[in-house]
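*Asks:* According to Swiss-Prot, the protein carries these features:
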| type | residues | note |
| --- | --- | --- |
| ACT_SITE | Lys75 | active site, charge relay system |
| ACT_SITE | Ser150 | active site, charge relay system |
| ACT_SITE | Ser174 | active site, acyl-ester intermediate |
| REGION | 471-510 | region 'Disordered' |
| COMPBIAS | 497-510 | compositional bias 'Basic residues' |
Amino acid sequence: MSVIRALHRQLVTKERSAEEIAREYLERLAQLEPQLKSFITVTEELALQQARAVDARIRAGEAIGPLAGIPLAVKDNLCTQGIRTTCASRMLEGFIPPYESTVTARLAAAGMVTVGKTNLDEFAMGSSTENSAFQRTANPWDLTRVPGGSSGGSAAAVAADQAVVALGSDTGGSIRQPAAFCGVVGLKPTYGLVSRYGLVAFASSLDQVGPFGRTVEDVALLLQGIAGHDPMDSTSLKVDIPDYSQALIPDIKGFKIGVIRDLLGEGCGEETRAAVQAAIQHLQELGAEILEIDCPSFRYGLATYYIIAPSEASANLARYDGVKYGLREPADSLLSMYGKTRAHGFGPEVKRRIMIGTYALSSGYYDAYYLKAQKVRTLIKQDFLKAFEKVDVLVSPTTPTPAFKLGEREDPLSMYLCDLMTIPVNLAGLPGLSLPCGFADGLPIGLQIVGNALQESKVLRVAYAYEQSTDWHKRRPPLGQPSVKEGQGSDPGQPQAKRRSGKRSKKSKS
């Protein structure tokens, strides 16, 4: 059952109050935080304030929506007015935005309870959340392994019941890959379906905000709360938003599902391949027609992405110069200040990608690299369009392997290969979802479901049908009992963590 629906029922029947629920999640968050390090900032005071406001509405007899009173975690690259937004970078360590991102504003208006800002790879550049300037987040299933990235803090928080749902951003797989590693559901919406206003930019033509949840329905409900046109975002689509909960039908008889042959071959681990093939067989047993699909351009997706994304990043990150906001290193000249600020403010991976992007955009190399990459991007889009002439959705593994050990992949190329299966979806701007489909040595494996543009409903329907006929989503990491799904108490055996203030003021600290 959806966690959101279960809690909503408890709230409207007055079985429990929003403040009680918020306190239990905050307690569990504090208990597990020394082990997981999912959060950069915990907004306890804000959460309790928002929860009390929901309780006041209920006492007044006001009807509340399904998201009201639900604990939410927010990736720390989404601007939150009065609460620092660091992007896990020394460059923005003390930055307190004077405005609110559209998605967080919409969820606050819906009555959600923000428990904190989650850890990520610096400026969302990474696949393991090891590139954070502040801390390394651990995977709740195995504390010696990564949670994925760049939205690793959000995925870990949902998997460990530190929050009911969370927001992440996905540029090359940064929602789907950590969702797979942490055994939760994560959705990257169609590019432009969700506003990017207030999202600190990495690669503007690829970035998209999306939801994490323990179930497909939780993700659908959160997507409902954030989707829709925003005049503050020039890339926002003017389209009607369907009721995504209406797509949650456990019947896919007659659906045509394409298996991306290119993503099940070389580079895919044996255990992952076996789990995904079993999931495909299960979808067939549910009545879907399975077709094999060739997408030959996908093999060039990784190289294409690592030209386009760093090129856009090099332009976007040029604004961090020590003049307007963020870190400023003392220096005896303007040029020296630029150099010292950027040298001390950015971590190694961010510097690497800025250099790659600057090189690709430089005179004499623009045509050979950037322009050619854009042409290949068009070919990838065309391969998807051809595939969707034959099928309703496409499926593949989300990641080549389950979560790897912390510190295991020091070579940048081996880290980049983690996003091999998710990157083409970003290049084409399509919706993609990951949900659990098995385990290997106690670690979750993710199934990726991809739809045509604005076909989130089809993606959610197939995911829901699979989820409702399996029990992978019901498994929990070995971190004690969940805090409030069924009104259970939190695990008293975990150490207490220091609480941190989260007032909407310039005094917010972590």
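Note that the numbers count up from 1, one per residue, in the order the chain is shown.
Placed from the backbone N, Cα and C atoms, the Cβ positions cover glycine too.
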*Asks:* Fewest other C-beta atoms within 10 angstroms of its own C-beta: which of the active-site residues Ser150, Ser174 fits that?
*Replies:* Ser150
*Asks:* Give me the CA-CA distance between Lys75 (active site, charge relay system) and Ser174 (active site, acyl-ester intermediate), in Å, as a whole number.
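*Replies:* Per the Cα atoms, Lys75 (active site, charge relay system) and Ser174 (active site, acyl-ester intermediate) stand 11 Å apart.
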*Asks:* Where Ser174 (active site, acyl-ester intermediate) and Ser150 (active site, charge relay system) are concerned, what is their Cα separation in Å, rounded?
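*Replies:* That separation, Cα to Cα, works out to 5 Å.
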